[in-house]
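Visitor: Dropping the structure in here first, questions after.
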Amino acid sequence: MNANFRNFALWAIIALLLVALFQLFQSPGQRSATDEVPFSQFMDQVERGEVRDVTVQGQQITGHYTSTRAFQSYAPGNAQFVETLRSKNVVVNARPPSENFSLIGALISWLPMLIILGIWIFVMRQMQGSGGKAMGFGKSKAKLLTEAHGRVTFEDVAGIDEAKEDLQEIVEFLRDPQKFQRLGGRIPRGVLLVGPPGTGKTLTARAVAGEANVPFFTISGSDFVEMFVGVGASRVRDMFEQAKKNSPCIIFIDEIDAVGRHRGAGMGGGNDEREQTLNQLLVEMDGFEPNEGVIIIAATNRPDVLDPALLRPGRFDRQIVVPNPDITGREKILKVHMRKVPLAPDVNVKTLARGTPGFSGADLMNLVNEAALLAARRSRRLVTMAEFEDAKDKVMMGAERRTLVMTEEEKKLTAYHEAGHALVALHQPASDPIHKATIIPRGRALGMVMRLPEKDQVSLTRAKCKADLAVAMGGRVAEEMVFGYEKVTSGASGDIQMATKLARAMATQFGMSDKLGPLLYGENQEEAFMGHSMGKNQHVSDETQKMVDAEIKSFVNQGYETANKILTEQEDELHTIAKGLLEYETLSGEEIRNLLDGKPPVRDTDDDQPIGRASAVPTAGVKRGGDEPSGGMEPQPQG
Ligand SMILES: Nc1ncnc2c1ncn2[C@@H]1O[C@H](COP(=O)(O)OP(=O)(O)OP(=O)(O)O)[C@@H](O)[C@H]1O
Ligand SMILES: [Zn+2]
């Protein structure tokens, strides 16, 4: 049944129902236009010669008086009145009993059937979803992406060269399956792309199809999962049928974990349907010849939950990891997405790539998009570095909260807090260089100092950890120095949390404590990771626990002392930076260094951009995080 026919049938039924209703309501109306008279009265009128003609239909009598007025009456079952009519010269017509009402009668007797049919069709349509795709129940929901969706090639995928290399072989096979057949090589039927969200798994799969110029069917694992038993399995069957008709081609199953979860791993019962679907998938994958030219590419970010049967040879036996990009990868991905954007000459892709550790391909695409939108809002012809910087902060920390009302006192306190971080960082050679400091509130942070590593960090040195601890404490120390012990705010909670996490990692994981030695304390990674107290950890004795806690405390205290020493010795510089922040709100690393040399920042006054940022591009880096987190840690907006 195709969609057009279904639509037609539906409208036909609705039309029929309307006609039937119309007839039903119409008939009594017509009747009321005639006189309805009792049979006895009718007979009297006949006797009196007032009736001109009658039509007898079963027991119903209709006719006209000599006055031409119409009437109608009903005769009792066995009344013999025709003789009387004849004797009075009335014209008598007769009709078979049901003719007059045959249409209505038929409709009434068919009505229940029609209603049931209508409901059935309606339910079927509902089950198909509103997508309007002309596919039947139990048919696969796989979508065929065509040229109209835009052709994707390996050119569009950047920064994951190893995955592309691995897939190159599949491209060659799809281009000329016969060649491989002749040589008897075994081509994998299934490829599993494994990686975190947004790293370009879907994009890569599409690029394989684009490179090989073959059809690309895409479906999500969750599309197979239906409430009706057997539907998922029949969708799988249908999908493979479609694919075979279009071979060579690619089937892409996104989120395969939705169907491919370990059998029997679900919560409670009721997983029969999913298991049936999975079984069907396994059967189909075994069932087609490797040379039929259908390649299945599946994606997941949870390979660990997949049923082992899926990973056996002949199924998804090839796994390709698609990781988050490294610094050069980020640069390449940024360049791919910047192709569509008119760039100002000051845009430095390398700096952006350095400032976005942990970003996925999708995050980077989002960053470029945000920057373009910002540039449009600022009515610029080109997208400048300032937009990219702001977009980066927005993606990383949340939108600026320029409307947040801060009292002068709070603003001053924030400025000194951030200046404290910045100054400590400046005087710690092991710290990453400052990228910028700002007191514009963003997300949960009231301000932040960003430092940028020169290159992606693979490991942390002891010196760098110590420097990071000192920088983290710098904010609080500055507050205490300038405003006094009692005026200290909760604003440093983010710093304290970050410092504690780092100190704990140094003591229990990195082996950086002399007292504890290079041992792993606390087997429970998660506890350590979450920054929870390990107090109840059964692997650590009470005494060891006390030692661990003491070491963590001593690391943080050392950081505090270092910060205190630097800030006390350089109090003048602290005031200079804080005043600079109060005046300009945002200072780049270079501007801070210039300020300390007595050179104020140069601001473009006729620049209409809402952010008072220098047009000079900061070349030095900063590190991410609201009041800076340390290597490998999540950004910690400081409140
Ligand atoms: N390596 C990359 N090169 C270029 N663009 C990328 C890359 N990775 C991601 N993107 C961009 O991010 C978008 C989203 O990526 P995609 O949907 O392919 O990610 P995914 O890994 O399939 O994510 P998910 O696991 O959430 O489905 C892409 O359309 C693309 O524009
Ligand atoms: Zn801080």
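The backbone N, Cα and C atoms fix where each Cβ goes, and this holds for glycine too.
Heads up, TrEMBL stuff is auto-annotated, nobody curated it.
If you look up TrEMBL, you'll see 101-123 marked as transmembrane segment. Residues or ranges marked as domain 'AAA+ ATPase' in TrEMBL: 187-326. The ATP binding site annotation in TrEMBL covers G195, P196, P197, G198, T199, G200, K201, T202. Sequence annotations record features per position, and here TrEMBL assigns Zn(2+) binding site to H417, H421, D495. Marked as active site by TrEMBL: E418. Residues or ranges marked as compositional bias 'Basic and acidic residues' by TrEMBL: 592-604. Annotation comment: TrEMBL describes 592-639 as region 'Disordered'.
Relative to the rest of the structure, where do these features sit?
Guide: Proximity of P197 (ATP binding site) to non-local residues of its own chain (separation of 6 or more, Cβ distance below 8 Å) is seen for N301, S360, A362, given in sequence order.
In three-state terms derived from DSSP, H417 (Zn(2+) binding site) belongs to a helical segment.
In this view, E418 (active site) is surrounded by 30 other Cβ atoms within 10 Å of its Cβ, with every protein chain counted.
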Visitor: Tell me the coarse DSSP state (helix, strand, coil) of G200 (ATP binding site).
Guide: coil
Visitor: Given the binding-site residues P197, G198, T199, T202, H421, D495, return the subset with CB under 6 A from an atom of ligand 1, ordered by sequence, or none if empty.
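Guide: The qualifying binding-site residues are P197, G198, T199, T202.
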Visitor: Which residue counts does DSSP yield for the compositional bias 'Basic and acidic residues' (592-604) in the helix, strand and coil classes, in that order?
Guide: 5 helix, 0 strand, 8 coil
Visitor: Tell me which binding-site residues (G198, T199, K201, D495) have a Cβ under 6 A from ligand 2; sequence order is fine.
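Guide: Cβ < 6 Å from ligand 2, in sequence order: D495.
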Visitor: 10 Å Cβ neighbour count around T202 (ATP binding site)?
Guide: 17
Visitor: Between G195, P196, G198, G200, which of the binding-site residues has the fewest other CB atoms within 10 angstroms in the structure shown?
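Guide: Looking at the binding-site residues G195, P196, G198, G200, the Cβ with the fewest others within 10 Å is that of P196.
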Visitor: Using a 10 angstroms cut-off on Cβ to Cβ distances, just flag whichever of K201, H417, H421 is the loneliest among these binding-site residues.
Guide: K201
Visitor: Validating a neighbour-count step here. Other CB atoms within 10 A of the CB of T199 (ATP binding site): how many?
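Guide: Step by step: centre on the Cβ of T199 (ATP binding site), count other Cβ atoms within 10 Å, giving 27.
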Visitor: Mean pLDDT over the domain 'AAA+ ATPase' (187-326): what is the value?
Guide: 82
